[in-house]
Amino acid sequence: MESESESGAAADTPPLETLSFHGDEEIIEVVELDPGPPDPDDLAQEMEDVDFEEEEEEEEGNEEGWVLEPQEGVVGSMEGPDDSEVTFALHSASVFCVSLDPKTNALAVTGGEDDKAFVWRLSDGELLFECAGHKDSVTCAGFSHDSTLVATGDMSGLLKVWQVDTKEEVWSFEAGDLEWMEWHPRAPILLAGTADGNTWMWKVPSGDCKTFQGPNCPATCGRVLPDGKRAVVGYEDGTIRIWDLKQGNPIHVLKGTEGHQGPLTCVATNQDGSLILTGSVDCQAKLVSATTGKVVGVFRPESVASQPNLGEGEESESNSVESLGFCSVMPLAAVGYLDGTLAIYDLSTQTLRHQCQHQSGIVQLLWEAGTAVVYTCSLDGIVRLWDARTGRLLTDYRGHTAEILDFALSKDASLVVTTSGDHKAKVFCVQRPDR
C-alpha cells in the first residue's frame with residue numbers, strides 16, 4: 001500500500017463521510033450507513049465456513065517474569081480514604097487485568113503477577129473458582145460474548161478457557177509470548193496477538209485454528225470490529241492491518257507515513273465500526289476509515305504539535321498514547337497520555353475541545369455508554385469521571401495504595417472495578433448528582 005503524507009492533517013484532512021453533524025453541537029445525529037449488525041445466526045453460519053488450519057502447539061515459554069519496580073514512598077503517599085464497596089484480596093502480587101461478564105455484569109475475572117486468575121462475584125467479593133495452571137503473570141482475561149466461557153492468558157502465551165457454570169477447563173493452547181487477547185463479539189471465538197507478529201483465532205472449545213501473519217515483530221494490540229468479520233491489529237513497527245477474518249488476508253495495510261512512527265499501544269473502534277482510532281508511543285492518535293483504510297485525522301497533544309521537529313525517540317521517552325476511545329452520543333474522541341493529559345477531540349472539526357490534566361500518567365480510559373462522561377484511571381491510584389462537554393471533573397474515587405493497572409465499567413455505569421499494584425481489586429459504586 002502506498003504511503004500518504006500527513007502534512008497539514010487538520011486542514012487538509014478529507015471529511016468524515018460516515019458521520020453527519022448538524023445543528024447545535026449538543027444535538028448530534030449519527031447517520032449509520034451500515035445496515036446494522038449481522039444476524040447472529042447468519043454470522044454463526046458464516047463462521048462455520050471459515051477454513052481453519054490445525055496448528056501444532058508450541059512449547060515455547062518466557063522464563064522472564066514481568067516485575068514492576070516498587071516506587072519509593074508511593075504506598076504511603078496514596079494512603080487515605082477508601083471509597084470502595086468491595087475489596088477482592090486473594091491475589092498476592094500486582095493485579096494486571098480485569099473483565100466483567102457481559103451478560104449480567106455480576107462476575108469479574110482478574111489476573112495477576114502471582115501467576116493466578118480468579119473468577120469472583122462483584123456483590124460480595126466471593127470467589128467462584130480459580131483459573132489454575134498458569135506459570136507466568138496473567139496479563140489477559142475475559143468472558144465470552146454470552147458469559148458462558150472465561151479465558152485467561154499469561155505472558156508466556158499459555159491460554160486457558162473454562163466453562164463458567166461447571167468451573168471446568170475446556171481448552172488450552174500455548175501460542176508464544178502473549179501481547180493481547182480478545183473474544184469475538186458474537187461467537188465463541190478467541191483471538192490473540194503474539195510477539196512473533198501472529199494474530200491467532202480459535203474456535204472454542206474445538207480448537208480449530210487460523211493464523212494471520214503480520215510483520216516480523218510483535219502484534220502489540222488488536223480489536224475485532226463490531227461486524228465480527230474484520231479485526232484491526234497494530235504492530236511494534238508502527239504498521240496497522242485490517243484483517244478479513246474469513247478470508248485470512250489483510251484488507252488494508254497502513255505503513256510509512258500512514259502508519260505510526262513507533263510501536264502501537266492501543267486501538268479502538270466507534271459503535272458502528274466505520275472509524276478506527278489508533279495510538280502509539282509516537283504520541284499521535286490516528287483516525288482511520290475502516291472502509292477505505294485511509295487516515296482521515298491525526299491528533300497530537302498541543303505540546304507536541306508545537307514541536308514538529310522533535311526526533312522520533314525523544315517524545316517516546318517522555319510521553320505516549322496509553323488509551324483512547326469514542327463517545328457513543330457525540331462526535332468526540334478521548335485520548336489518554338502517559339504524561340497525565342486527557343485530551344477530548346471534536347471529530348467534526350478535528351480540533352482539541354478540552355485538555356484535562358491528571359497528577360500522574362493515565363493507564364486507561366472508558367466512555368460511559370449513552371453519555372458524554374469519560375472515566376480514567378491513573379498511576380496515582382485514583383478513578384476520575386469527566387464531563388467531556390465541559391472538561392469538568394465530576395467526581396473521583398480513591399482506595400488503592402498503589403497505581404491502578406486496569407479497570408472495567410458495568411453496562412449501566414453503576415459499578416467501576418479496578419485492579420492495582422497494591423495486590424487488590426476493588427468495586428466502587430458510582431453515584432453522580434447529574435444522573
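Cβ coordinates are placed from backbone N, Cα and C, and glycine is handled just like the others.
Pulled from TrEMBL:
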| type | residues | note |
| --- | --- | --- |
| COMPBIAS | 39-63 | compositional bias 'Acidic residues' |
| REGION | 1-65 | region 'Disordered' |
| REPEAT | 88-130 | repeat 'WD' |
| REPEAT | 131-172 | repeat 'WD' |
| REPEAT | 226-253 | repeat 'WD' |
| REPEAT | 257-298 | repeat 'WD' |
| REPEAT | 355-396 | repeat 'WD' |
| REPEAT | 397-435 | repeat 'WD' |
Looking only at the repeat 'WD' (226-253), what is the model's average confidence as pLDDT?
97
Under 8 angstroms for C-beta pairs, at least 3 of them, ignoring pairs fewer than 6 apart in sequence. Is the repeat 'WD' (397-435) in contact with the repeat 'WD' (131-172) by that rule?
no
Using a Cβ cut-off under 8 Å, which residues of the same chain at least 6 positions beyond either end of the repeat 'WD' (131-172) come close to it?
58, 60-62, 65-66, 96-104, 107, 109-119, 178, 180-188, 190, 192, 194, 202, 204-205, 207
What counts of helix, strand and coil residues does DSSP assign across the repeat 'WD' (355-396)?
0 helix, 25 strand, 17 coil
